[in-house]
């Protein structure tokens, strides 16, 4: 039986977006992220990370460095009782990529490739799933993948009119997501 998921962008949702974050010393968790994700898991949602990482494509850091940071991040969540069900990332950029990463792909948001891969692998009920992101591209990818609820948070990039128009709701941060979902899913 398909299960609903909460899809989470990384930079601006899980951590403060300092621009091309690739080192543990620059990785600052958003306040309340561990409590919020633990609550979402208790509510029965799968947790799936979906993140564009054009810093890899641009040569700002290696894919290995990203994977190492992601493992460190994942361990921090595990230490706080939270397990990700899936971690998906796009290392490509069609314009600014170099070498093998200069590619027009289906995984880079606003395209829905990461969402569809997660749906197929984890048997996700997309209509009852949620996207939490900080940009219009997050909302566009979620819409294209059939995600039912799209939440834009103010902890990342400035909210645009386009992002706000595509979102179901705009909240201050991920820490507000469980309370919102409990209110609307009653």
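Sequential numbering from 1, following the chain as shown.
Note that Cβ sites are derived from N, Cα and C of the backbone, with glycine treated the same way.
If you look up Swiss-Prot, you'll see 9 marked as active site, nucleophile. The annotation active site, proton donor is assigned in Swiss-Prot to 11 on the grounds of similarity to another entry. For 9, 10, 11, 17, 18, 19, 20, 51, 52, 53, 54, 108, 109, 135, the entry in Swiss-Prot reads substrate binding site. Taken from Swiss-Prot, the feature Mg(2+) binding site covers 9, 11, 134, 135. Swiss-Prot lists 90, 92, 105, 107 with the feature Zn(2+) binding site. Taken from Swiss-Prot, the feature site 'Stabilizes the phosphoryl group' applies to 51, 109. If you look up Swiss-Prot, you'll see 108 marked as site 'Contributes to substrate recognition'.
Between the C-alpha atoms of residue 54 (substrate binding site) and residue 90 (Zn(2+) binding site), the distance comes to 7 Å. Cα spacing between the residue listed as 'active site, proton donor' and residue 52 (substrate binding site): 9 Å, rounded to the nearest whole number. The subset of binding-site residues (18, 20, 52, 135) lying with their Cα within 10 Å of the Cα of residue 107 (Zn(2+) binding site) consists of 52, given in sequence order. Rounded to a whole number, the C-alpha distance linking residue 135 (Mg(2+) binding site) with residue 92 (Zn(2+) binding site) is 18 angstrom.
Spatially, by CA atoms, the recorded positions 18, 20, 51, 52, 134 include one closest to residue 105 (Zn(2+) binding site), and that is 52.
For residue 90 (Zn(2+) binding site), the number of other Cβ atoms no farther than 10 Å from its own Cβ, over all displayed protein chains, is 22. On the backbone, the CA of residue 18 (substrate binding site) and the CA of residue 134 (Mg(2+) binding site) stand 14 Å apart. You'll find the Cα of residue 51 (site 'Stabilizes the phosphoryl group') roughly 8 Å from the Cα of residue 109 (substrate binding site).
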